[in-house]
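Features of the protein shown, as given by Swiss-Prot:
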- E306, E333, H350, H450: Mn(2+) binding site (BINDING)
Amino acid sequence: MDHFKQLEVWFVIGSQHLYGPETLRQVKENAEKVVTGLNQQANLPVKLVLKPLVKTPDEILALCRDANYQDNCIGLLTWLHTFSPAKMWIGGLSILSKPLLQFHTQFNAEVPWDTMDMDFMNLNQTAHGGREFGFIGARMRQAHQVVVGHWQDKNAHARIGKWMRVAAAIQESKQLKVARFGDNMREVAVTEGDKVGAQIQFGYSVSAWGLGDLTAVVDAVSKGDINALVDEYEASYQLTDAVKLNGANRQNLLDAAQIELGMKRFLEQGGYHAFTTDFENLYGLKQLPGLAVQRLMQQGYGFGGEGDWKTAALLRIMKVMASGLSGGTSFMEDYTYNFQNGNDLVVGSHMLEVCPTIAKEQKPILDAQYLGIGGKADPARLIFSTPAGPSLNASVIDMGDRFRMLVNLVDTIEQPHPLPKLPVARAIWKAQPSLDVAAEAWILAGGAHHTVFSQALDLEHMRLYAEMQNIELLVIDNETRLHEFKDALRWNEVYYKLCSR
């Protein structure tokens, strides 16, 4: 998935006519060098495009209006090279609907002690020009991010890159369509929620489809297409004897391929990039979609089990955010615990639907085995473990008056023992700061049993996302202390009731 190829971030320099044409010429020349240098050397995921210098309120308003209407523009990066009186920005910022990053930098890294004169001081005023811009952002309660550092500094590059990834994810969220095949698992609470409220908050829409609509597309898949996809399976995975040619469950594999092709065509035809299924709504399907869901997630689709549309949307959004990074991102569920003094572990999995982007094995096992849930034929699935490394679990829940995101940092470990009788993909981790604290905090905060598990993204990505979406964020990591966490829950309740808008 390369979601960033056609996207742009507009690099905007603010100044004013006060300084005269020569100073403005130098500002433009320096800006061109900075943008060229960042595009060539900073390893940014999205291309920077230098826009004409803005010097008046009308120019700023026109630029912000253009940014709103350009689909490939995902945000503005501003640099106050000189002093740009911030009242000029009120009109533009009032209508800006794209993410905004203020890059508090300057062209020169060091002060030229021997040669610095007032001309130099006039030209290089970021130190106070940036503060003026920051004031109007704060005064307008304008949600924006700030990166401070020289434009050739690698730490600044990394932070800008993360902001770009999240800005691209925000753009995806605004246009995302989620398809629900069937309904939510009956009597489950956390997978419910306000879909209208979610569309207002995040931008994505959620549409329900009956199983008959899906099965009509599945049934229309040709045998030739099924056989071609099975050939791909045989080249990509280790097939068990049961699903090899003439194996006892070979037909189950063919049925799984048909479901995958039908689901993908349905999603493509409707412009959907995330979807849900429910084992209680399988009318017309021969098996619970397992392999199909795994492979569609690998191709970038978001997914949520049991009708969990919030997790499906979050998975798609995080996959866009993580595009091109090492490590995978998957639908996940805390399934069972290993309570052992000094070695408390969580086994994460699901009935079938874990994304192969987090697989340790180059060729996962492909099998079809019994699954009592759903009451259908033995479903095909990929079986694998997950490599060790820093990871996170994220969940978005509907609190009635707001959306809350929880993030728990975890340390994934190599599978400590064989699991010869467990026919599903899995990840095994140590929760931060400990299993008892992490689980208690998660439960107190109402975190869902479904999560998005990622070894590609880190906490800063998720903080930025929560800030840009203006939603509550609760973090559980090695710094978490339960009494402080409980205090934060109480304070947040008051804050969001007083400050909701």
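Indices start at 1 and increase along the chain as displayed.
Using the three backbone atoms N, Cα and C, a Cβ is placed for every residue, glycine included.
Owing to the predicted nature of the structure, the values given are computational and were not obtained by experimental measurement.
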Surrounding the recorded Mn(2+) site, with Cβ no more than 8 Å from the Cβ centroid of E306, E333, H350, H450 and those residues left out, we find G304, G305, D308, T311, F331, M332, M351, E353, H449
Using a 10 Å radius around each Cβ and all protein chains in view, which of these binding-site residues has the most neighbours: E306, E333? E306
Between the binding-site residues H350, H450, the one whose Cβ has the fewest other Cβ atoms within 10 Å is H350
In terms of DSSP three-state secondary structure, what is the assignment for E306 (Mn(2+) binding site)? helix
H350 (Mn(2+) binding site) -> DSSP, reduced to three states, gives coil
